[in-house]
Amino acid sequence: MSLENFDREIYDLTNSELKRQTNYLEMIASENFTYPEVLEVMGSILTNKYAEGYPGKRYYGGCEFVDEIETLAIERCKKLFNCNFANVQPNSGSQANQGVYGALLNPGDKILGMDLSHGGHLTHGAKVSSSGKMYESFFYGVELDGRINYDKVADIANIVKPKLIVCGASAYAREIDFAKFREIADSVGAYLFADVAHIAGLVVAGEHKSPFPHCDIVSSTTHKTLRGPRGGIIMTNDEVIAKKVNSSIFPGIQGGPLMHVIAAKAVGFKHNLSDEWKVYAKQVKANAKKLAEVLISRKYNLVSNGTDNHLVLMSFLDKEFSGKDADMALENSGITCNKNTVPGETRSPFITSGIRLGSPALTSRGMKEAEFEIIGNKIADILDDINNKDLQISVKNELKELASKFIIYDKAMY
Ligand code: DSN
């Protein structure tokens, strides 16, 4: 029986979400539109198969085909990141990071990561996350200019003497210098762990410096700039670390891997290995740069005054309206983004003084600099007159018209 006939509520809600994704301009920096082939295999019979263990060493029979699938995913992942070992089983980026810590740390060990309010991630030691509960976490941040000051990171590392340093961020618009982090880690004898979830799609295209060979271990999600299915991965060049990672993921924190998602990761990696991928990643950066240029020309402040990657952080510290106000005004105008804290933040994390805007999803729809110029100007128009509800309605209609020229999925997929 079809979903439409069996469960009309979920069918209708899924179609409503498809319409929302189609009609709105998706500018959440961590979101993307994955490929139809990825969706196809994720919705396949592979979901039926239990395969606890790793290829060739499973705890269940009947794994001959899923073994081949996981091996393909591993080999493609290694080729992409140019490394010797990959674990493609983490169900998410958070679980990948939990797996990394489980492999290298004991409860109570010290870790040093980027402060959540400065652009870090929950799993980089935030006290509300298991990374901050199980380990003693310390933080570095960005300066008021929005950039990491590597000398300060070195000073903090020298005082804290962490066992592991995390580099990588969720809201940092500038290139991360993995070589400098390596020097800092070496100066205190710490492991260096890069979480490249946000920038992985750029890294594998050569559009951002690679964390290898500088980092001992690297994690990522597969759905952000990589544009694959939701999920996590862990990579390393060190055989001892690789073995520890495998045990840390299974049986450490996960049971049966999601074989339909692992197959989808393999399909996503095949896209990432193609020549077209390099064109896409270059365009993601070019589009973010154009957006930054337009917003600056319209007299808006950007954290770090620009971008080297796929995202732009707008700061409203000098404005009467907040990040939350801007987020709502843009949502009313057909643009989806998220409020974000900024360096020197004066408002609460629920209100904030900034928004984060990303280019990956709209680039996947085929938009280029010309469209980002239009969108940047529309964002500025809305923010210039933030209480003008009529303007928000008319911009929403204009942007819906623009969106309709860039189809995401050319047939109903459900
Ligand atoms: N939630 C993701 C982001 O928005 O950056 C990180 O996991």
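Using the three backbone atoms N, Cα and C, a Cβ is placed for every residue, glycine included.
A TrEMBL annotation is a machine prediction, not a hand-curated record.
Annotation source TrEMBL lists (6S)-5,6,7,8-tetrahydrofolate binding site at Leu116, Gly120, His121, Leu122, Glu239, Ser348, Pro349, Phe350. Taking all protein chains in view, 12 other C-beta atoms sit within 10 angstroms of the C-beta of Pro349 ((6S)-5,6,7,8-tetrahydrofolate binding site).
The domain 'Serine hydroxymethyltransferase-like' feature in TrEMBL is assigned to 3-377.
Sequence-distant contacts (6 or more apart, same chain, Cβ under 8 Å) of Lys224 (N6-(pyridoxal phosphate)lysine) comprise Ala29, Ser30, Glu31, Asn32, Ala197, His198, Ala200, Gly201, Pro360. As annotated by TrEMBL, N6-(pyridoxal phosphate)lysine applies to Lys224.
According to its DSSP assignment, His223 (site 'Plays an important role in substrate specificity') is coil. Residues or ranges marked as site 'Plays an important role in substrate specificity' by TrEMBL: His223.
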Among Leu116, Gly120, His121, Leu122, Glu239, Ser348, Pro349, Phe350, the record's (6S)-5,6,7,8-tetrahydrofolate binders - longest CA distance, Å: 44
Cα of His223 (site 'Plays an important role in substrate specificity') to Cα of Gly120 ((6S)-5,6,7,8-tetrahydrofolate binding site): how many Å, rounded? 18
Cβ atoms within 10 Å, counted per site: which of His121, His223 has the most, among these recorded positions? His223
Around Gly120 ((6S)-5,6,7,8-tetrahydrofolate binding site), which residues of its chain at least 6 apart sit with Cβ under 8 Å of its Cβ? Gly113, Met114, Ala126, Phe139, Val166, Ala169, Ser170
Across the whole of the domain 'Serine hydroxymethyltransferase-like' (3-377), what does the mean pLDDT come to? Round it, please. 97
I need the most crowded of these binding-site residues: Leu116, Leu122. Count other C-beta atoms within 10 angstroms of each C-beta and give me the top one. Leu116
